[in-house]
Amino acid sequence: MPTEEVCDGVSAEDDAKKGPDVPFLLEERVKEKVSWKDVLRKKVGKKCSCSSARIKALLVDSIPIVKWLPRYQFKDWIIGDAMSGLIVGILLVPQSIAYSLLAELDPIYGLYTSFFASIIYALLGTSRHISVGMFGVLCLLVGQVVDRELTLAGYPLDTNQTTLGNLNNGTGPVCDRSCYAIMVAATLTFTAGVYQVLMGLLQVGFVSVYLSDSLLSGFATGASLTILTSQIKYFLGLHLPRVQGWGSLIKTWISLFKNLGHTNLCDLVTSVLCLLVLVPTKELNDRFKAKLKAPIPFELFVVIAATLASHFGRFEETYGSNVAGSIPTGFMPPQLPNWSLIPNIAVDAFSIAIVGFAITVSLSEMFAKKHGYMVDPNQEMYAIGFCNIIPSFFCCFTTSAALTKTLVKESTGCQTQISGLITALVLLLVLLVVAPAFYSLQKCVLAVIIVVNLRGALRKFGEIPQMWRVNRVDAIIWLITMATSALVNTELGLLVGVLVSAFCVLGRTQSAQIRQLGQAGDRELFEDLAFYKGLQSLPGVAVFRYEAPIYYANQALFKKSLYRSAGLDPLQEKARRRKLDKQRNQKQCGEDQKQEVDVTTIVYLLQHNSLHTLVIDCSPVLFLDTAGVNALKEVSKDYKGLGVNVLLAQCNPSVIDSLRRGGYYDPKKGTKEIQFHTLSDAVSYAQSLKTHNGDCDTVV
């Protein structure tokens with residue numbers, strides 16, 4: 001078919017005189033260059049200054065109760081704080097005893113832990129609502145370390161016999177199993193608290209943002225399965241050692257099935273009866289919590305009833321039931337951590353510190369947002385760190401915020417951490433007077449309390465279909481973290497969850513695609529042609545958007561996606577051109593062969609003649625690294641070799657600065673700096689470039 005050229009020479013000549021459109025430009029502010037030495041000197045001077053105002057501000061920031069207590073609205077808040085503190089204190093009594101069992105410690109240590117944590121967080125915490133105490137996942141992690149160290153030290157299972165004759169720990173010449181267990185737990189708690197305070201000093205409270213809700217939820221659910229499995233032996237009254245190492249959940253179930261024949265019927269019947277009472281009553285509390293002024297403490301009722309039944313029925317002597325044993329009153333003298341244990345538990349303490357901080361900050365921020373106030377993540381790090389360091393000298397173990405008790409605290413009218421001090425008073429009364437009365441309480445009852453409180457985490461399994469529908473990436477993170485925590489190793493599950501989350505973020509930048517944009521009529525609106533109807537592509541101008549930063553990991557994918565979407569790969573086209581030139585030079589043929597080569601070349605040139613400008617919308621590009629700048633330079637250079645201009649539009653200041661420092665704008669090479677603050681400016685400039693060079697359409 002003959003080729004006909006239609007040229008609007010007059011219009012081109014007139015527009016050539018005018019030149020291309022000049023885009024609208026914003027005047028940039030001139031930044032004053034400040035020496036890094038001056039910046040450092042200013043920051044150091046600010047931090048190290050010593051004045052009465054500075055000391056007062058430091059005191060208020062470090063001990064928040066000094067700031068809010070003088071403004072306490074006694075008449076309006078005291079009733080709610082007193083009610084919530086009393087209710088939480090009553091609930092904490094059975095739960096503190098039960099979670100001591102999970103941590104492989106005597107019941108009294110759980111009461112100590114809840115008492116000291118409530119006081120210290122009330123002084124140092126910035127959240128008004130969270131309840132700090134024992135958290136099931138942390139108790140599980142502490143229990144695993146305690147059991148491992150007991151085994152390494154040579155203590156037999158569940159005995160109080162002295163097997164080590166000389167431990168230089170400040171507690172005397174000998175130390176029985178219970179003494180060594182709390183020594184390990186206290187040292188672990190001290191080390192975790194030191195980690196948390198150091199992280200607060202280094203201002204790394206931001207690390208909590210890397211622990212997503214799906215990750216924490218999956219980790220808690222996986223750990224809940226491990227907790228559930230660890231308590232089944234108490235349901236059945238079996239004396240089995242805690243399984244250590246990877247795959248402990250599966251190994252524990254195998255051990256349970258092998259020992260079913262040794263089940264203690266008294267413990268089994270007690271466990272079933274307690275479950276039949278606690279599960280429906282807990283559900284009633286949840287269903288009618290809007291109508292109830294305070295949740296009914298059924299756990300305390302069950303503990304009292306079970307203790308009385310075990311005492312008068314003589315379950316320990318008659319049926320061999322495993323009971324809580326002697327619980328002393330008062331407090332033990334403070335003791336130093338066992339420094340020689342720190343190398344053995346340093347890694348475990350770090351994972352416990354991260355989990356405890358993440359749970360505390362996530363809960364405090366959630367309730368602060370709900371009630372309209374602010375919390376300081378770094379101060380929360382200090383608070384939870386000292387909630388571990390100081391109590392570790394008084395035979396306590398690791399604490400963090402606890403969701404269940406926090407919800408109870410909020411629903412019963414809590415206004416400030418005065419409620420935490422009232423909770424501590426309730427626990428103090430128990431420690432000084434009531435504690436010995438729980439001697440006959442069966443451990444299977446405590447195990448039932450632990451398992452019943454796992455309902456919230458275990459219900460997450462029913463939400464998997466909804467999670468999958470809402471966001472498949474978050475669902476995958478949840479499933480992988482949960483499975484690793486439960487089936488492989490609890491601490492490893494947290495690490496795997498963090499790595500999977502990071503790889504998912506990287507994967508999203510790797511899978512980002514170039515989107516071709518079209519214009520909505522005459523409006524200055526450009527959107528995805530594949531997503532919206534009624535959009536128009538522009539003749540001679542292709543507009544694309546890349547919805548990710550361009551950096552070393554995805555710069556090759558960016559170029560590949562752009563070339564594919566544009567339908568013009570400069571490298572392939574240049575290779576074709578070199579091949580045609582080579583054929584022309586090598587072959588000395590007749591007139592017909594030469595004519596055939598010329599026609600082929602003409603067809604090649606006409607194939608992409610209509611495309612003269614590529615516009616890249618950089619508004620979603622958050623940053624560029626050196627590889628990203630080089631990728632854009634290569635794209636511009638490659639397309640320029642084919643006579644196609646590349647324009648960057650809507651670049652943020654960070655991207656513009658990277659382009660300048662990376663040498664993208666180089667007048668010597670013909671790439672002068674032209675900024676386009678809107679896509680319309682870039683398109684108008686591109687169209688004026690074509691008109692300026694002569695508007696000739698080729699019709700084949």
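Glycine too: its Cβ is placed from the backbone N, Cα and C atoms.
According to TrEMBL, the feature domain 'STAS' maps to 531-686. For 77-102, 129-146, 180-202, 214-236, 292-312, 341-361, 382-401, 421-454, 475-503, the entry in TrEMBL reads transmembrane segment.
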For the transmembrane segment (421-454), distant same-chain residues with Cβ under 8 A (at least six beyond the ends): 81-82, 84-86, 88-90, 92-99, 101-102, 107-108, 111-112, 114-115, 118-119, 122, 131, 136, 224, 227-228, 231-232, 234-235, 237, 267-268, 270-271, 274-275, 278-279, 282, 299, 302-303, 306-307, 310-311, 315-316, 321-331, 404
Leading contact stretch, 77-102, 180-202, 341-361, 475-503 vs the transmembrane segment (382-401) - CB distance under 8 Å: 180-202
The transmembrane segment (475-503) and the transmembrane segment (129-146) contact flag, 3+ Cβ pairs under 8 angstroms: yes
Chain residues in Cβ proximity to the transmembrane segment (214-236) (below 8 Å; excluding those fewer than six residues from its ends, i.e. six or more beyond): 101-102, 136-137, 140, 143, 242, 248-249, 252-253, 256, 260, 263-264, 267-268, 271, 322, 355, 358-359, 362, 443-444, 446-448, 450-451, 454, 457-458, 460-461, 467, 474-475, 477-487, 490, 493-494, 497-498, 501
